[in-house]
Ligand code: DOR
Ligand code: ZN
Ligand code: ZN
């Protein structure tokens, strides 16, 4: 199979646009050049000067399969990923059964092989059943095709469990990826403990519940030499702890979500569970500190925490609905519109935070647009305007606080491993 992309624009290291043709042979980018003309290709696509970037990488999504297929499946979740321009996604283990032993991880890998439209790298659990007690067999599971270890959805409460998990993960060259939440100071909260919890008279989740656990864990990472990655950082104190830990030479990395970058608790006008996620939307100062942390490199990249739930579940309101919002199909348009176009970040920074940054931190051979690299590519119409309509999502989850938002900049073609996995009818 030979595919020729004519008339693209790529981003140079300096963030300038460069006119390019790109030849893909089988699953690899073979040639990138200002002008390619060859006869024997299977297909030529005129890209009409649209922006060609490496396929996006999201190390934090929930696919819900097995066990939660009414919320999402590997098929629907990866279709949503392809539409959002993502070619590699890492699936969280809070499923039923939990991938916490050889058999369940192997079964999950088999399902992925059969159903996934884009590359899915699954996590294995740190503790059996995500209960925080007994460790999984980290030595054994590390030999399988897993991305890393996490108990996302819950924090690991006992320092001893985290300590031993980090020792084993370090010996096996795997990362510990942590949802940081000290349950003893959550107090049944459902939104941030601050202006919004007071205004809506809802129980609040203190910022401390996150930062306290990160502070503990960076010390454990220092003691063990483990690569410790912090999920969805949401508070200014967490940013400071991670900044200080990096300064001390500790192997800590961190991600932030689009919603924590773009929203604060002030966006929550009423009891609407489309604004309920864990960690919650924090104060404006926290939101500002997250962008600052990203710009200065304390936070390394962006991940969506795509967390689909059914409409019935979300209709239960702030007190009873499950935590989580979807993100794959809105991430790039939102970040491009509200950060790049508002001159808060550059297009190059945004693309790097969605591609080469996560790839290089986790040692993945993807995330760059170059000859002799796997052809994971996303074509973006940066001028295209769109009104976000949750009813059009490929994801089963319609739980988004961004419904009806106007955005500019839409992925129109996604190629994963040399194959077109999403294609909008843009070139007619
Ligand atoms: O908002 C969230 N949703 N946070 C989590 O930690 C879990 C996730 C989910 O699985 O729905
Ligand atoms: Zn989480
Ligand atoms: Zn998550």
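The backbone N, Cα and C atoms fix where each Cβ goes, glycine too.
Nobody curates TrEMBL annotations by hand; they come from automatic prediction.
For the Zn(2+) 2 site that TrEMBL gives as 152, 179, the extra residue drawn from 70, 232, 259, 260 is 232. Per TrEMBL, the candidate among 305, 312, 352 that belongs to the Zn(2+) 1 site alongside 60, 62, 152 is 305. When the candidates 27, 94 are compared with the substrate site entry in TrEMBL, which names 62, 63, 64, 278, 309, 323, 324, the shared residue is 94. Cα separation, residue 305 (Zn(2+) 1 binding site) to residue 232 (Zn(2+) 2 binding site), rounded: 7 Å. Straight-line distance linking the Cα atoms of residue 152 (Zn(2+) 1 binding site) and residue 179 (Zn(2+) 2 binding site), rounded to a whole number, equals 5 Å. What surrounds the Zn(2+) 2 site, by Cβ distance within 8 Å of the Cβ centroid and not counting 152, 179, 232, is the set 60, 92, 150, 153, 177, 178, 180, 231, 278, 305 from the same chain. The most densely surrounded of the binding-site residues 152, 305 is 305 (count of other Cβ atoms within 10 A of its Cβ). Under DSSP, residue 60 (Zn(2+) 1 binding site) is assigned to a strand (E or B) in the three-state scheme.
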